2 protein chains.
Amino acid sequence: MSEADKREGADVGQRGANGGGKSSAGSAEGHKSDELKLAAVYVSDAQYNRNVFFNTSPQCVRLYMLYNHWSLQFLVYVFIFVDLALALFEDPAFVPLPLWATYIMELICLAAFTARLIHYARIIPKQKFWKDPKNICIVVVILLRRAFRSIRNALPQIIYVFFLFIISVLMFSLMALKLFGKRDLKTIDGRSYFTNYGEIIFDLYVLVTTANSPDVMMPAYNSSSTFSIFFIVYILINTYTFMSVFLAVVYNNYKKYLKEEVRQLVRAKRQKMVRAFKVLQEMRDEEPVVMQACWNQLVCVVQPNITNAHRELLWSVSDENKRGYIGKMAFLQLPDLLNIQVITLKSRTHPLEIWIPRIYSSSASRLICRVVQHRAFVYIYDFIILVNAVFIGLDEENSFFSYAEWVFLGLYLLEILMKLYTFEPRAFYARHQFWNWFDSIIIVSALVATILNSVLKPSDGYNGRQILDIVFILRVLRLLRVVDSIKRFRAIINTLVKIGPTILTFGQLILVVYYIFAMVGMELFKGKITYFENSASPGSEYCGNPLLKGSAFAKNNYCKNNFNNVWSSFVLLVELTVVNQWHVLASGFTAVTNASARIFFVIFHILVVIIIINIFVAFVLEAFFVEYTFSKGELQTSLEKKIEELELGIEQDKLDENLVEDMETCENDLGPSETVKGKPSLMFKIASKRYRTVDGLLQRMFEADLSPEDNADDEDPDNESPPGYNFPNPSYDTI
Amino acid sequence: MSEADKREGADVGQRGANGGGKSSAGSAEGHKSDELKLAAVYVSDAQYNRNVFFNTSPQCVRLYMLYNHWSLQFLVYVFIFVDLALALFEDPAFVPLPLWATYIMELICLAAFTARLIHYARIIPKQKFWKDPKNICIVVVILLRRAFRSIRNALPQIIYVFFLFIISVLMFSLMALKLFGKRDLKTIDGRSYFTNYGEIIFDLYVLVTTANSPDVMMPAYNSSSTFSIFFIVYILINTYTFMSVFLAVVYNNYKKYLKEEVRQLVRAKRQKMVRAFKVLQEMRDEEPVVMQACWNQLVCVVQPNITNAHRELLWSVSDENKRGYIGKMAFLQLPDLLNIQVITLKSRTHPLEIWIPRIYSSSASRLICRVVQHRAFVYIYDFIILVNAVFIGLDEENSFFSYAEWVFLGLYLLEILMKLYTFEPRAFYARHQFWNWFDSIIIVSALVATILNSVLKPSDGYNGRQILDIVFILRVLRLLRVVDSIKRFRAIINTLVKIGPTILTFGQLILVVYYIFAMVGMELFKGKITYFENSASPGSEYCGNPLLKGSAFAKNNYCKNNFNNVWSSFVLLVELTVVNQWHVLASGFTAVTNASARIFFVIFHILVVIIIINIFVAFVLEAFFVEYTFSKGELQTSLEKKIEELELGIEQDKLDENLVEDMETCENDLGPSETVKGKPSLMFKIASKRYRTVDGLLQRMFEADLSPEDNADDEDPDNESPPGYNFPNPSYDTI
């Protein structure tokens, strides 16, 4: 037993002794419940990979549970969003608001953050919080800790490749200067071609991004065909090879650091589970174990909305030998078991069958049900959608077509109603029935918008464009349904949808980087370029800045791409990310300030396109391979086996029928006995490839690579707070 | 023993009996040598992964050895190159040649191919050749079999993603039509914006390639800021997500099929080695074995230029227990052992030490050597290079700088001479001393070119631009040396250089695809667009085609981007591959023909950019990871251990000193005895990460994934020619 364990043990023992000291049954019960809460907090920390070293006193544990409550976490996110969104209303404003309003908003946000911070400070040991003076700074930046870490980790390795790449660009520029500088070539706007070394470097850097290909080559190519070799070699080396190497290096680093990070997460999780075990353990046959009753209570505290049947299923997987208690190893599986999403299903009868049994079971009614369930029904509606697509493409001014629109809407409504008549409504609108939800929402909104549109049309003073736009978009979105009816497409879309949430973590990173560049850009370029709504106004030809007269920027009509407010800054940054024409955009801002403005745009390109987009691609690749290639985990397999053993499994196709997902709480208990009689009324299905948390996917990614000893007990003395590990991860980042 | 084995055994036995039937010693010897040759052919087939089912008669074996001789294979490549290059001289010609000349060339090439084919037909069993009527077609296309297979294999999986992507583009186009079509927006050239469905589809497809961003968005964005959301969502979904998914799908497929292919290669290799073993085996202690003498002869036949020491090293690895014979398993390792590149080194004394011993060992001479070997010597020359770089950047018209050029040349020459004085010349110019070769070639050519330039300058009628261009390029290339002196850079460059040859296989694929598109393009667009050298000539403003008057194509001065000859077609296709402005190029050719010309450009984009470039990126990623992460193979490790055991190893840094790589043939034998006395005069080093063949790298890539049973003996009866496996790989593709 390590020192840390002894300390922990002594701690538990002491609190146990304290509880015993009061020697009242209520207090003992209270103590028992405190212990359970502490263990529950450990388990849910392990489940969601939180890494906070909180005080273990009962009060702090309760505070900590409150701290982790989803509603508070959600509130914090709302305030962060509001705080960031304030930039839209502050000068330079997209939508101007009075100064006092934004000030008050800002104050409210800051108050919320402070409250959160105080709450946090109450939870963790005081000396730990103040030991680190940078704590408050950390808390502010912490939201995007992981994302920033990705960049920081990729940097050192990429920097050497980057220098080599820069040397290559510099040398090619020198060669270009020597080869073309003396030939008196002219570019298309009559400037001299490749005579200034600095300009050449910028031009060739832009060529790496392909944005000025083939224009940059044309003067030389026109002068002699063989000069094209220079540019082809340049593109081969710098555009293709170096960019691929950047991707390879970023990908490699990304994987390496992610693996290390996941390894640490797994270890921390393990530690927490060991602590939870120590809190709850009892001795049985000289082996520390956890009893089933205790375990049941724990699970109910950790996951209040778990069904009894689901809980018993998990227990039967943990306690394979049906001994009524489990050892340490089986206990440690708990968070993984909880993270496997099990869909609990109950067969239900259609409400109409209860309300109007005679009519519902009549032969006419049964015919309707058979028609709806028939394959041809799907084909007919697919055909209707295609016809609809053609009608949408035709002119809607014609009154015939606008009548047709009502017919299509009616047909779609009829389809939904018929399906609701046939299938049990709660099953039809179950959580995983994405397409049913999608259909119904689209159709209902289209109905509302179309009605609104035709009601408002006759009234004067209404131009109706906004609502009509929505109607059009909804009308086209309806066509998406065709995709669902082709199996292969559905598979691809499902994969994309599954990767979706984990990709969103990158959305955070990109948003923050955009935000920083938008702020800096507004500082530097605000008001230098103006867009005139009225194209007849005198300055509109040169974006209100005489320096832009005759420039490519003004000629291309890019005036609205400016840094005058947050929204246009973001749009501009998106355009820079897409890369094409970025040199023209950059040249505009260079013209209105000075040549050093290019630095801003080059840094943005390096940071966003070379590093972040590559990390993004690396992530998509990795996630896609996991989705494609990984088989089910060991625990999942054993859980599935158990489900099969108990004959509680359901096939995929049954999911679409009269079964409904149901969430029971521990209180609303049906009891397990009902389950086994005849055909079970309660069935399970593993949603095998859904991950509750982002970390779940990450851990799965590297599951195969993690050596088993990482899972072994860590018994080194400074286990409690390994070096460089103390208080690194406040929980902001694991919501 | 399987049937196939029995047949094989009977075959060998029969030929043995035939040999015995003649009952003359010479014939027996001849038979012995035939057997050896047969085994050698099997081994070298296994070594280079050739898959030809040749006749096993002695005559055919000799023909087959000739067939595989490098000089014949090289000749075939030369003729293929000449045949493809003929397109440069045929009408539409880059360099026009008389018709009879190209005809004769074509005939010669065809004759060569026919000869090769007849040679091939002689080797393989006759019935096998004619069984397959498509054989000749196959032989023609076969050169790029593997490359085409990559595309073909990637297609079925990608096709569904592609359809989904097309549906997405179509739906967004419909939405765009509905949203923007009625708003009377104008593009920058005054055309109506987004009113024609077909045009919208093309515009939005181009936006996926980012080539018309942000121009395609500007009219809508100028009309309302919120419309930018439409385009941002479009770019997110179609440009980023779908393109990443394409990469993921291509990568995944590529890996899967490559793995399968490598598995088949490994199995075929194994089969051939088993056959070779059967030919040579003798019985010893009821176990079939191969004796050392026989093995030695075999190795000498397979690899005539192997050193005796190297051969003995390999034997000592195979025959670990020093029994004088090896079993089947040890024998099967032979091709892998031969494929491990072992650098044989010999310590040599400097020739000057032999010719003028007194002067060379004088203290002044030794001082020079010490100076050259000192670290500061490198630093001084790095500094000189940097100064040189600055001088190159300055104007060379100034006579001071042109004198400085001579000084720099002199300094570089001095460096090489001093190094040659210090280091043994053969060691200095050893095969792996890439940078020494590079330096010397660059300096000597720069010297020659500079002298030529200054000699020719005074003579009249010489404009000197060509030679001066070469001088400039050489001068800048010299600066590359700085890269070598920084360790990290050297590591990256070495990795790139190592991947290089394997990347070249993609060069073949891209060249052929370019070739096909160039031919089709010339058929379709030849002469429609002309470039006028003299910009004053009347048609030059609109590329000689009135249809291009005022078009973006003509305005951008793209006239030289045409399909009038092979070279300009290739340059144009490179520009299309780089993607930027491809829609402008396409619009030019659409204007001079009709709208369906777009199909050509879209197909090129899909095939080259979406599929081939993605395969290329996948390959670079995979190869880079192999270089980065894979450790040495098992065989290499045991070979290295053996080298260490025998104390024949050399450290990396010694490689740069007085050791020289030396290739001995079996005849020019030094005998092993010399090796062991005192400090060995012959040393070995494993060039651990070089691969003799592309397949070597591929096998290494998937070594870890290949299950061990793939290496197990395949004893099924139709082993000789598994279904779908008979005669699939003529040897053209494994040179």
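Cβ coordinates are placed from backbone N, Cα and C, and glycine is handled just like the others.
Database features (TrEMBL):
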type	residues	note
COMPBIAS	A:1-10	compositional bias 'Basic and acidic residues'
TRANSMEM	A:72-89	transmembrane segment
TRANSMEM	A:95-115	transmembrane segment
DOMAIN	A:144-257	domain 'Ion transport'
TRANSMEM	A:158-181	transmembrane segment
TRANSMEM	A:231-254	transmembrane segment
DOMAIN	A:375-625	domain 'Ion transport'
TRANSMEM	A:376-394	transmembrane segment
TRANSMEM	A:400-422	transmembrane segment
TRANSMEM	A:434-456	transmembrane segment
TRANSMEM	A:492-517	transmembrane segment
TRANSMEM	A:599-626	transmembrane segment
COMPBIAS	A:706-719	compositional bias 'Acidic residues'
Mean of pLDDT values spanning the domain 'Ion transport' (A:144-257): 83
Proximity of the transmembrane segment (A:231-254) to the transmembrane segment (A:376-394), 3+ C-beta pairs under 8 angstroms: no
Folded-back contacts onto the transmembrane segment (A:434-456), same chain, C-beta under 8 angstroms, at least six residues removed: 405-406, 409, 412-413, 416, 419, 428, 462, 464, 467-468, 470-471, 474-475, 477-478, 480-481, 484, 497
Helix, strand and coil totals (DSSP H, G, I; E, B; other) for the domain 'Ion transport' (A:144-257): 86 helix, 2 strand, 26 coil
Outside the transmembrane segment (A:400-422), six or more residues from its ends: residues with CB under 8 Å to it: 352, 368-369, 371-373, 381, 384, 388, 391, 394, 428, 436, 439-440, 443, 446-447, 450, 475, 478
